[in-house]
């Protein structure tokens, strides 16, 4: 290779994407190339010609590649044949880009690549000639490789200038950072692309974000169709007068431009401008307003604006004005002369203390924060419909406040108001009134009850101790009086016939008026934190529309009887001395879905509770006197999903049916110290699937032990570990004790170490099973047994005389999943089948190697058994002619068919998925299964050491070799095309043919690992 040829990664061409086609057909490849020719034309000469064989001392720019040079020797070769019209076009285009003279073969000038640095990065600012960099990059100004199209927009120059300024500024202030320069260059490039797309009529909006640019490119103000211009966190200093060229601009938004000090006069001459947003800028003033402006929305936020511009009253189309966190000291009286102004928002303007006398046509006024302490008279804001004054110094409302005939919504929160004017009763259009957190407000005027249109009233956090007569507020639907000194309700309170939601919490109420029962529209009643409230009126139980009743932290000891047809859905009584609930609650409150009676003095629940057929949640926590639940009351709760009995320390027993409730998902018994194991129903100790039982701490160990004894997988694992311990003792000490037939005795020290290693992990798994058994969601598998396996075990029990042997078989069979039980049930009738069932169970759930991997493969094993044609034939025969194929005979015939499937599954289980798939065809024959087992032992055995670890790393490579080997591909294609013999015969032929091939590839893999292990650094003998 010539010395000036660029280095490339082996196996990769530097221009590989240009030669990658998805079709093999040459005609389609030429079509692909033709479609790319227009965009790739400038660099095609570099693809068809190589650099010259000149030495490094030669002048590179004078180097030439001889015409028709051989790509290997640089010698003249054969004349390339014509490629048709495309070839002629390529040659013409190539000749046009070269510097050849007439009479001399024109070839493109090729520059040797002196560097392969990352293109266009600040870390490589010194671009040498020939470096592959991005053309015209501001970080590589001297680097040129490809001819670039002329930029008539000036955007590239603007990008270069802005980046240069940024770099100079960073260096000047000691903030130079290459990575930040890269990010800025990337953002500038994306901004340039965005502007170009808008220039191409791809949109009518420009959004620029986080750019350190003091000015926008001139071309921005030449986009005649631009409608929206927005900058966010751009370091703009000014906008040019050419802004007025954007005669279609509708929205102008500048946010985060701290150095933006002046707005050009042209902004008022934009005929289509409707919205102007100036947030977080440095503006202290605005230019004088000219006539003809179409501005409708003006927002100035977080800016040091000191005054509104002259001629502000000329904005005759301005409808919304928002001034937040500015330095305004006063508002121009011209605001009242704005005929279209509907919304005025003044938030957090610390120097603004008063409003102009007239607000004109303003319909919505928002005053949040600030020092405004008074409002204009009603005549100055006669159009007002919505008033919001929050966190303000407002101390008084105007006396004629009631003259605001259009006012519908008022919020006066956290102010210094002491009282309300009497004229407030004249606000007949008022719908919502919120008076929250006004600590100096102690009373309401008598006229307050005349607000006939009022629908929602909120009086929270005030000093109000009584309400005026409310008879006139007939439209009131929501009343909230929380955290007040309210001591009583008016006598005519029951006249609020439309009241639907009432909250009286944390007050000084002692009782509710008897006419509360007349509130027939009432749906929710909240009485929380009323410590002095001891009784409820009996009429309360006859509120047929009441859906939610909440009593918390009160002194109520008894609930009133419920009337027939009650609509109550939620009843909550907490932290109260309640001693009983109505005996007929289950009859009268059939719609009840949530019943919470916590921290009360209840001793028992009425039996009628069992008739609450819609009840979904029952909470009885921290009832220290609750001793029992009635069986008749619990067993009929068919819809209940959660029962909370936590903290019921005197509870000594539970209904036996509680764990059998069909929809129960959670039962909380934590803190029930009076319960014992004897008092727990079996349906809780061994819960059904999906039932979460939270036991008290003192019972968790006993419950776990009881569950572990009923868990077939745990018993299987314990038995397997016991036999392994016997086998290890026999191997180490030569005991004469008999060793279980399912456990082989290790014949050397390595075998004992391996068995001990796997036993250690099995003990950890057993400990996890014990912990899970004591947890709330532990559920034994006794209800997951297949019906066919139950029948098979019953048949085996009658024929087996040895009970311990049957117990082992029972544990093994029932530890399997449902689908595996279905496929193995036929094997239990014969001893040879029983042995296979126990082997499969111990392989998946025992203490052996790869148990977890084998467990995950069991569903696939079940599928293969179900789809095996000979097994299907035998089962069909036994079903049709049971006398000709009894269970013992069927089991004896099925076992040798299922045994190979199990052996193959056990061999490939720990292997990667690709290798498992590659070896599936081999598992039909004994030789193939033996080879798979050999690969498994060599790669995954505990005693394999470093060699096994290396082999495991190469297993995916082995799978790829098997899948791509030409012999394997040909054999599989041949078998798929021909239908000789039966499917079983074809599978056996395929396995017999592929086994030697895979054996050869496996031997090569082993040899490669062995070769790697013979290096001097890895050989202790050589080190010595």
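Cβ atoms are placed via backbone N, Cα and C, with glycine included.
Record features, source Swiss-Prot:
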- 75-88: compositional bias 'Basic and acidic residues' (COMPBIAS)
- 92-102: compositional bias 'Polar residues' (COMPBIAS)
- 112-139: compositional bias 'Polar residues' (COMPBIAS)
- 50-139: region 'Disordered' (REGION)
- 192-218: repeat 'LRR 1' (REPEAT)
- 248-270: repeat 'LRR 3' (REPEAT)
- 271-293: repeat 'LRR 4' (REPEAT)
- 316-338: repeat 'LRR 6' (REPEAT)
- 340-359: repeat 'LRR 7' (REPEAT)
- 360-381: repeat 'LRR 8' (REPEAT)
- 429-450: repeat 'LRR 11' (REPEAT)
- 451-475: repeat 'LRR 12' (REPEAT)
- 521-543: repeat 'LRR 15' (REPEAT)
- 614-636: repeat 'LRR 19' (REPEAT)
- 662-687: repeat 'LRR 21' (REPEAT)
- 824-847: repeat 'LRR 22' (REPEAT)
Intrachain neighbours beyond the repeat 'LRR 21' (662-687), with Cβ under 8 angstroms and 6 or more residues off its ends: 621, 638-656, 693-699, 702-703, 706-707, 710, 779-780, 782
Leading stretch by Cβ pairs under 8 Å, where the reference is the repeat 'LRR 6' (316-338) and the options are 248-270, 271-293, 360-381, 429-450, 824-847: 360-381
Intrachain neighbours beyond the repeat 'LRR 8' (360-381), with Cβ under 8 angstroms and 6 or more residues off its ends: 335-354, 387-398, 400-404, 406, 416
Reported mean pLDDT - the repeat 'LRR 3' (248-270): 94
